[in-house]
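For reference, the structure discussed in these notes is given below.
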Amino acid sequence: MTHNIKIAPSLLAADFGNLQRDVEMVNNSEADWHHIDIMDGVFVPNISYGMPVLKAIQKHATKPLDVHLMIVDPDRYIKTFADLGASVLTVHYEACNHLHRTIQAIKAEGMMAGVAINPHTNISLLEDTIKDIDLVCIMSVNPGFGGQSFIENTYEKTRTLKAMIHGKRAKTLIEIDGGVTSKNAKALINAGADVLVAGSFIFKSDNPTQTIHELKEILS
Ligand code: DX5
Ligand code: ZN
């Protein structure tokens, strides 16, 4: 029943001392995208990594780069991330004063435009932009850190968003980010998710390649 569900391992949970090895693990696995979390210490209470590290990742990555910006005023860097090879560029709803303009600017650089929403942000706020958005990233944890536990309200949000997408005849993909494991993956897909991001569950497992394979099996 499931259509082409994508898995996007989050490199935030990789071993940064062995970044090339971990990027290559994703290359050689059944995963679909590399999920890259950029945090500025202002929008979220943590700083991850920035452009030079993304450049190093890009050098080795063979799959599309799904870049998740947890930064204030992301418009400043849209061109920069396009030049760094991002295929999907996701900005936070809460960080944009002129979201419609930001979405158009991302598309004008040839990238898929993503909008992430925090756990407290209501889906209905996307009603007027949904047809323009290529991907909505529903945060299933408060952004800023890997390894947090999944917020159960995410299922309801996913169902509500899926209904809105259908109702508006939009083609938007739904991505779920935070606390994804083999325990909630199937239910998320049943609720309408298209892309699952997983960090700790993959990289902290004994055999990340096998864990990705198992996630794919659950979803097939
Ligand atoms: C959280 C990040 C996530 C994070 C997910 O702010 O956006 O992408 O890396 O990590 P896990 O899967 O460990 O919750
Ligand atoms: Zn993320």
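Using N, Cα and C of the backbone, Cβ positions are placed for all residues, glycine too.
Per TrEMBL, the feature substrate binding site maps to Ser10, His68, Gly144, Phe145, Gly146, Gly147, Asp177, Gly178, Gly179, Gly199, Ser200. Per TrEMBL, the feature divalent metal cation binding site maps to His35, Asp37, His68, Asp177. Per TrEMBL, active site, proton acceptor is recorded for Asp37. Taken from TrEMBL, the feature active site, proton donor covers Asp177.
Recorded features from TrEMBL, shown on the structure.
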residue: Ser10; record: substrate binding site; Cβ contacts under 8 Å, 6 or more apart: His35, Ile36, Asp37, Gly146, Asp177, Val197, Ala198, Gly199, Ile202, Phe203
residue: His68; record: divalent metal cation binding site; Cβ contacts under 8 Å, 6 or more apart: His35, Ile36, Asp37, Ile38, Thr90, Gly114, Ala116, Cys137, Asp177, Val197
residue: Gly144; record: substrate binding site; Cβ contacts under 8 Å, 6 or more apart: Met39, Val44, Pro45, Asn46, Met70
residue: Gly179; record: substrate binding site; Cβ contacts under 8 Å, 6 or more apart: Ser140, Val141, Gln148, Ser149, Phe150, Ile151
residue: Ser200; record: substrate binding site; Cβ contacts under 8 Å, 6 or more apart: Ala13, Gly146, Gly147
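Excluding the listed site residues Ser10, His68, Gly144, Phe145, Gly146, Gly147, Asp177, Gly178, Gly179, Gly199, Ser200, the same chain places Leu12, Ala13, Asp37, Val141, Pro143, Gln148, Val197 with Cβ atoms within 8 Å of the centre of the substrate site Cβ atoms. Proximity of the binding-site residues (Asp37, Gly146, Asp177, Gly179) to ligand 2: a Cβ under 6 Å from the molecule is found for Asp37, Asp177.
Neighbours of the divalent metal cation site: apart from His35, Asp37, His68, Asp177, residues of the same chain with C-beta atoms within 8 angstroms of the site's C-beta centroid are Ala8, Ser10, Leu12, Ile36, Asp66, Val67, Thr90, Cys137, Val197, Gly199. There are 25 other CB atoms within 10 A of the CB of Asp37 (divalent metal cation binding site), with all protein chains counted. In the three-state DSSP scheme, Gly144 (substrate binding site) is classed as coil. Take Ser10, His68, Gly144, Phe145, Gly146, Gly147, Asp177, Gly178, Gly179, Gly199, Ser200, the residues named in the record as contacts for substrate: the widest Cα to Cα gap among them comes to 17 Å.
Every protein chain shown contributes to the tally, and the Cβ of Gly146 (substrate binding site) ends up with 21 other Cβ atoms within 10 Å. It is Asp177, among the binding-site residues His35, Asp177, whose Cβ has the fewest other Cβ atoms within 10 Å in the structure shown. Ser200 (substrate binding site) falls within a helical segment according to DSSP. Reduced to three states, the DSSP call for His68 (divalent metal cation binding site) is strand.
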